[in-house]
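In what follows, a structure is listed as C-alpha cells, so that the remarks can point back to it.
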Amino acid sequence: MSELRAFSAPGKALLAGGYLVLDTKYEAFVVGLSARMHAVAHPYGSLQGSDKFEVRVKSKQFKDGEWLYHISPKSGFIPVSIGGSKNPFIEKVIANVFSYFKPNMDDYCNRNLFVIDIFSDDAYHSQEDSVTEHRGNRRLSFHSHRIEEVPKTGLGSSAGLVTVLTTALASFFVSDLENNVDKYREVIHNLAQVAHCQAQGKIGSGFDVAAAAYGSIRYRRFPPALISNLPDIGSATYGSKLAHLVDEEDWNITIKSNHLPSGLTLWMGDIKNGSETVKLVQKVKNWYDSHMPESLKIYTELDHANSRFMDGLSKLDRLHETHDDYSDQIFESLERNDCTCQKYPEITEVRDAVATIRRSFRKITKESGADIEPPVQTSLLDDCQTLKGVLTCLIPGAGGYDAIAVITKQDVDLRAQTANDKRFSKVQWLDVTQADWGVRKEKDPETYLDK
C-alpha cells in the first residue's frame, strides 16, 4: 500500500452471560465501548537484498514499545523476534496473518517492510505517571513505564489489539480492505480469535474478540475444538488448515447486532481493587462440577434471567422509538427513580431480571469461594441503584472487586451525583460509553503521528 491508513477496534463490557459464556449452550450480551485500540499502517518499506519480511510494531505510548519480527516463507512464516523484545499477541497475529495470506517473496521483494503504530485510548490503562497529548480529536496518554508494568482497567485491550493489528496487517495483502472492512469482517474476526487464543495459551470464550470485531452483540461461543485441533504454527499443513477454518468451516457461533436502548447509556466504574479472573473462573468450574445437578439448575436460572434482561432492554428500545406519552412517562419516572417506577413493567422486568442474576451470583460466591459479587460490591451496587436516573446496575464480566456497570437515562451525570459521596470514594467513572460499531477504518490517519 502506498498510503497511510488507520483502523480502530472497541473495548468491551460483558453485561449478561458471565461464566455461562464459556459454554456453547448459552448466549451473552456484550457491549462494545467507545474506548478503542488503534493501528496506523504505514506505506510499504523495502529491505534491499533480504529474503525475509520484516514487521515493526511500535507503541510510542509506552517505554520500549517496539517489537521487530522477521518472517520467512522458508520457515513456515514463524515470526522470529529481532532485538529481544517479544509480545505473544503481536507474534501470533503476525504468524496467522502471514500463514493465511501466504505471500510470495518474489511479489514483495521491493515492499517487504511493514510498519504499524499502535495507540490505545486513555480508558484502557491507569493514568498514573503519564502525560496526555491531543492528536487530532483523540486524547492519548504517554506512560513512563513498559506496557506490562502499567495497570489495565479490564476493557479488553488484548482483544482490541489483536483485532485491530490483524486488520492493519491484512491491509498490506488486501488492496481494498481499507475501504471495505465490512467485506472482510468475518475473516478478520476468525483470524483474530485464533491468534488471541494462541497468545493466551488457552481457548477462551471469544466474546471480547467478537465485540472488538463486531461491536455490541448478542453472542454464543464457538466450539473450542475448532482452534485446538489446528496443527502447530509452522507445520507443513498449518496454512491450509487455517485457511479452511477461516473460510469454510462452520463455526456454529452466534453473533447478532444488539445494543442498549436509545435514551439509555452505560457507565463503567473502575474500582481501586483488582481481581484475578483466571482464579475466579477455576473456582467456579470446580464448584459447578462438584455441585451437580444443583449447579446446572442455577445456571439455567441465570440463563433465563439473562434472556429476560436482554429482552427487556429490547422492549425499552422499541418503546423509546415511539416517542409517545407512555414512553415519556416511563423515562420521566426513571429520571426521578422513585416509587412510580414500580408502575411500569418495562422497568420492573429489567430490574427483576438483574436481581435474579445478582442473587444467583451471590449464591455461587458463597458456595464456591469465588468473589463474583462479594458483600462490598453488593453494598456499592445497592447504593448505585438509589441514584437518580439509574435503571439497573451489576458486576460485569467475571465479577470481582474491580468494576461495576450502571445503565442510566441518557442525560444523567453520575460523576456529579457521586462527587464527595463517601459511598463512592473508590469508584472512578471511566470516560467511556456504548459503541455499536466494531473494527473500522479511521479518517485522517496522519493526525495520530508526531508533527
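Just so you know, glycine gets a Cβ as well, placed from its N, Cα and C.
What Swiss-Prot annotates here:
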type: BINDING; residues: V150, P151, K152, T153, G154, L155, G156, S157, S158, A159, G160; note: ATP binding site
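The candidate set comprises the binding-site residues K152, S158. Of these, S158 has the most other Cβ atoms within 10 Å.
Sorted by the number of other CB atoms within 10 A, the binding-site residues G154, G156, G160 start with G154, the lowest.
Classification of V150 (ATP binding site) by DSSP places it in coil, neither helical nor stranded. Under the DSSP three-state reduction, G156 (ATP binding site) is assigned to coil, being neither helix nor strand. Remark: V150 (ATP binding site) has F62, H125, S126, H143 as non-local neighbours, by Cβ distance under 8 Å and separation of at least 6 in sequence.
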